[in-house]
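J.: Per Swiss-Prot, the feature topological domain 'Cytoplasmic' maps to 1-25, 132-138, 225-314; the stated evidence is sequence analysis. The transmembrane segment annotation in Swiss-Prot covers 26-49, 108-131, 139-162, 201-224. Here Swiss-Prot flags 50-107, 163-200 as topological domain 'Vesicular', drawing on sequence analysis. As annotated by Swiss-Prot, N-linked glycosylation site applies to 59. Among the features that Swiss-Prot reports, phosphotyrosine is placed at 81, 279, 296. As annotated by Swiss-Prot, phosphothreonine applies to 227. What Swiss-Prot records for 254-264, 283-303 is compositional bias 'Gly residues'. For 255-305, the entry in Swiss-Prot reads region 'Repeats, Gly-rich'.
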């Protein structure tokens with residue numbers, strides 16, 4: 001019964017989750033951050049390396065032809081030692097490696113682990129607590145600040161670990177170790193390197209560190225848009241103002257029926273001359289025209305209601 005109740009709770013959470021956010025840039029980048037953080041701390045924190053060298057003494061019976069030296073994370077190399085023949089009366093000497101590079105390595109792994117945990121928590125919040133996340137806009141603002149902090153921490157930790165890795169390679173190079181071995185400086189003794197440590201996994205961890213830096217810096221923009229702070233910068237440009245008619249244009253100050261320049265009625269051919277009949281007045285001179293004594297009627301066209309001569313004949 002308890003198992004069934006737990007399954008019901010899980011089903012309710014899954015049903016109420018907004019998994020579409022994983023397809024959006026905000027959620028998809030969080031998934032990438034989560035995965036890349038795992039690769040970053042796994043490739044560094046689980047590393048174990050080994051180098052091999054040989055010491056051939058003048059007295060062949062005292063030689064050690066296959067000396068194996070193992071080291072691992074967190075690279076406190078000053079605590080790593082191996083026994084090498086002193087080439088004097090069958091004795092041995094403890095040889096310690098040089099350097100302590102645990103600070104940069106542990107800092108890098110710590111940032112990766114916390115980034116992994118934060119990405120997982122933020123992704124769960126996006127899916128199951130979307131309303132709480134957007135309530136009062138506090139969720140996006142806190143998310144933005146945390147993303148900015150992690151981006152800075154990835155920059156610092158990746159740079160520090162890249163320098164630390166370079167020092168680890170120098171300290172575990174068999175040639176450099178041989179230079180510090182007193183028996184190898186004695187005449188008649190021969191020291192050789194047999195195998196360099198494989199550091200490809202550590203190189204990969206540095207690459208993942210800077211990839212995480214790119215992801216977290218890029219995600220700043222998507223989280224910034226969720227805060228609403230970008231709204232004033234994303235407004236549409238204002239529309240162009242309407243063009244006002246210039247004074248004197250058509251339908252403007254001198255509009256229809258408002259004198260010269262408009263479209264009001266004017267005398268035929270203008271006031272300067274030309275043929276200008278007035279259909280409402282008698283024709284001058286008593287002769288022709290369209291007045292009362294014309295051929296087509298007894299009165300001009302200006303007098304409405306008067307029958308024409310044609311209508312009288314009808």
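The backbone N, Cα and C atoms fix where each Cβ goes, and this holds for glycine too.
Values in this document were obtained by computation on a predicted structure and should not be read as measured data.
For each listed feature, how buried is it and what is near it?
T.: Mean pLDDT of the predicted structure over the topological domain 'Cytoplasmic' (1-25): 60.
Note on residue 59 (N-linked glycosylation site): other Cβ atoms within 10 Å of its Cβ, all shown chains, come to 14. Taken residue by residue with DSSP, residue 59 (N-linked glycosylation site) is part of neither helix nor strand, so it is coil.
Under DSSP, residue 81 (phosphotyrosine) is assigned to a strand (E or B) in the three-state scheme. Counting only same-chain residues at least 6 apart in sequence, those with a Cβ under 8 Å from the Cβ of residue 81 (phosphotyrosine) are 94, 95, 96, 97.
Through the fold, the transmembrane segment (108-131) approaches residues 13, 16-19, 21-22, 26-27, 30-31, 33-34, 37-38, 40-41, 44-45, 73-74, 139, 143, 146, 150, 153-154, 157-158, 160-161, 164, 205, 209, 212, 216 of its own chain, all at least 6 residues removed from its boundaries and within a Cβ separation under 8 Å.
For the topological domain 'Cytoplasmic' (132-138), same-chain residues at least 6 beyond its ends with a Cβ under 8 Å from one of its own Cβ atoms are 125-126, 226-228.
Outside the transmembrane segment (139-162), and at least 6 residues removed from its termini, the chain residues within Cβ reach (under 8 Å) are 44, 103-105, 107-108, 110-112, 114-115, 118, 122, 125, 132-133, 205-206, 209-210, 212-213, 216-217, 219-220, 223-224, 226-228.
Proximity of distant same-chain residues to the topological domain 'Vesicular' (163-200), defined by a Cβ-Cβ separation under 8 Å and at least 6 residues beyond the stretch ends, is recorded for 49-58, 66, 69, 71, 75, 77, 84-88, 93, 95, 97-99, 101, 103-105, 108, 206.
A sphere of 10 angstroms centred on the C-beta of residue 227 (phosphothreonine) encloses 17 other C-beta atoms. Under the DSSP three-state reduction, residue 227 (phosphothreonine) is assigned to helix.
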